[in-house]
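Trainee: Feature list, courtesy of TrEMBL:
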DOMAIN    3-23  domain 'Zinc-ribbon'
REGION    54-121  region 'Disordered'
COMPBIAS  57-67  compositional bias 'Low complexity'
COMPBIAS  88-109  compositional bias 'Basic and acidic residues'
TRANSMEM  137-161  transmembrane segment
DOMAIN    290-434  domain 'DUF6273'
Amino acid sequence: MRCMKCGEELPVGARFCPSCGAAVEEDVPAPKKLEEPLSPLEAAAVPLVPIAPPPRATRITPRNPRAYVPRANHPASKVSWGSGSDSPRTEPHEDEGHEEGSATLKADETAPSLSAARSPLPRGSHRLKLIHPSHGVIVGICSVVGVVLFVVLVRASLSWFGPFSGGSNNDSPSIVDEDTTAVDEGNENASAGASEAATDDEGPTIRAAVADYTWDELAQISTLIEATSTDAAALEVAERYHLCTTAGKLDGTQTKELELADGTSVTMRVAGFLQDEKADGSGRAGISFIASTSVASEPMNANAQMTGGWSGSTLRTWLSDTLLTELPDEVTSHAVAVKKLTSPVPGSGSTMQVATDDLLWVPSYSEVVGALTSGNKRNGIYEAEGEQYQLFSDANVSWSESNKLLALGDDAYWWLRSPDPSNGSWFMCVTPDGLPTYGHKPATKNAVLIGFSF
């Protein structure tokens with residue numbers, strides 16, 4: 001073979017020409033037709049592995065299962081499983097082969113192996129044959145001992161010291177515990193005292209809410225509250241009869257409807273206990289009520305004058321002469337006149353508060369908002385006209401902000417009996433959204449929220 005470039009003879013197996021260094025071109029086998037398969041050894045071809053033909057389906061006849069023949073290295077028990085039965089012996093299957101030259105060795109019957117001890121116990125009457133005669137003797141002895149013990153227990157239970165004995169003729173002495181007797185006597189005395197207290201308590205039947213009582217029953221409860229000596233005791237009575245919450249608070253839900261003679265219905269709320277001084281000086285009224293709805297729209301003074309303040313107002317006259325006749329007898333028969341303080345009109349020349357005895361009234365500025373603070377322009381010139389009612393104090397009513405408990409809505413202002421200390425031409429009133437720091441001229445018609453005490 002020669003170099004294709006320089007023509008020099010090339011050594012066998014050379015890849016480069018030793019003379020010119022040109023690469024030796026290998027002979028590429030000529031392409032063959034598709035009909036002529038390539039030799040597996042040419043061009044580094046991978047030889048093909050012949051694929052075995054798919055298995056041919058053959059029909060297999062299932063064999064009958066072999067009959068199980070138990071074999072053991074020891075002889076069978078003398079009490080055979082099949083004793084007393086006529087079950088035929090199972091023969092080996094025809095396909096089952098027999099080893100030639102095999103011999104069965106006979107085991108020694110006097111020395112059973114361990115596998116004999118693990119064989120299952122026989123059933124039925126054959127188990128009785130396994131019981132050793134000495135076992136029956138033991139069972140009999142145990143039975144006799146059990147009967148003897150039973151007889152002894154029965155006789156002992158019926159003896160004089162047994163639980164079923166009738167007891168001796170002489171009764172055992174009774175032991176009296178003096179301390180226990182004293183405690184029992186004390187409890188009996190306490191119960192008797194409680195019964196007497198319940199008998200002395202002439203209060204009405206306890207009901208679920210204020211609305212469920214009659215006005216007569218509320219008057220009876222008011223009498224019980226008046227009989228208490230402290231505010232805490234008064235609240236206990238009110239709580240017992242559900243005139244306040246379990247915490248002793250008034251939240252505005254303690255209401256009762258009052259129907260006037262003309263059919264008008266007014267919602268009255270419990271406002272406080274022991275807060276109004278009776279006009280006759282006999283003490284404080286038990287319960288005070290203030291309406292949450294208006295009975296009418298009236299001017300404070302129809303003649304548009306401030307003269308006389310609350311005591312000389314036409315509204316006060318209308319309440320005592322006209323509206324009082326519209327109230328039902330069960331209310332007027334229990335309502336009591338109470339003392340109400342009112343400040344004088346500024347510029348009237350008087351500085352003394354006026355006390356009036358009123359059966360029906362409207363609340364004052366201080367009875368609604370309580371004490372004033374430094375931010376109020378009336379602070380320092382306004383003199384309190386009674387303490388704030390519990391209904392308003394429990395609701396955190398103050399002069400500085402609106403409170404929904406005071407709001408009537410529908411553009412309805414309602415009167416307070418206090419002349420405005422900062423303006424001699426106005427009486428105080430509450431705005432529709434519940435702001436209690438406002439004033440109107442006396443001829444203005446505003447809503448009237450009445451109050452009375454039992």
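Every residue gets a Cβ built from N, Cα and C, even glycine.
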Trainee: Looking only at the domain 'DUF6273' (290-434), what is the mean pLDDT?
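Mentor: Residues in the domain 'DUF6273' (290-434) carry a mean pLDDT of 96 in this prediction.
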Trainee: I'd like the per-state residue tally for the domain 'DUF6273' (290-434) from DSSP, helix first, then strand, then coil.
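Mentor: Per-class counts: 26 helix, 27 strand, 92 coil.
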Trainee: Where DSSP helix means H, G or I and strand means E or B, what are the helix, strand and coil counts for the domain 'Zinc-ribbon' (3-23)?
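Mentor: The counts are 0 helix, 3 strand, 18 coil.
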